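Here's the structure, in structure tokens; my notes come after.
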Amino acid sequence: MRLDGVFAGGGVKAFAFIGALQVIEKKGYSFERVAGTSAGSIMAALIKAGYTAEELYSIFMPLQLDTLLEKNRMTTYFPWLSWFSIYWKLGLYKGDKLEYWLRELLARKKIYRFGDLPEGTLKIVASDVTGGRIFILPDDLPKYGRHPESFSIARAVKMSCMLPYVFQPDKLKTGKKKSSLIVDGGILSNFPIWLFKEGNVSKYKRPVIGFQLSPKLTEEQGSKDIHNGIQLYQSLFETMRKAHDLRYIDKNEAKNVVFLPADHIKSTQFDVSDEQRQELICKGRKATETFLKKWC
């Protein structure tokens, strides 16, 4: 059976998606259209490019996540200089290594631009903080004077992953001396399951399954310990990412959502261990198996 799939943002928690995909493939399902935000956009793009769960496992398990972050020798020796990078450059890392890595993976499947995929089969969510609006790629690119067919998928995914202050915003030129700052799509829609709704809730082209990196709506979310500015920022961002989308799910879409319990891992825990990766994959597998027993 062909499905449409939506993958939420959640940083390193996204290892759980691999376990979910293992079950989806085992049950004979495949994705016609996919959408994603932040880490979910990475998964969506690679799935649409043709990567299998087994291939993704072999890519992500040995991956040293910190190699995707540009190291600055000065901030290594003088950590306080990081604050200057945040103030003047609006983030610690450029995100270029992430884009190059994605471009290489997509190139292995001979996928480079949105025009290399069937129209409408991949949608990436980012946030335009200059224009103050959600940015759907490739759909909204003409508004910025860009041709969707020729736009790099790797860059689109990078845009969706630019977590504020951790990564520098992507500057998308929109005209002479004009540009928009594009950041993490999770700011405005961390779980864009609404993207495939065809006007009326009951009118879908095909079944839709969403993969959310959080406990079920009925489960206790737990309180957070906040003792400093960094913890406050992390809590604010997590709250902002979840609030709107969870309210939408609560009213309309819970029956089509696989809730992957991954809240025990922080989104920015780039030193996540092999054991923790395996645990996330296992939880993703078990949650999806349980979901499909009731959903089928």
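Backbone N, Cα and C define each Cβ position, glycine as well.
Those TrEMBL annotations? Automatic predictions, nothing curated.
The motif 'GXSXG' annotation in TrEMBL falls on one of the ranges 36-40, 71-75, 116-120, namely 36-40.
Within its own chain, the motif 'GXSXG' (36-40) has Cβ neighbours under 8 Å at 6-14, 17, 123-125, 160-161, 163, 184-186, 189-192, 211, 267, counting only residues six or more beyond its boundaries. Distance between Cα atoms for ASP184 (active site, proton acceptor) and SER38 (active site, nucleophile): 6 Å, as a whole number. Under the three-state DSSP scheme, ASP184 (active site, proton acceptor) falls in the strand class.
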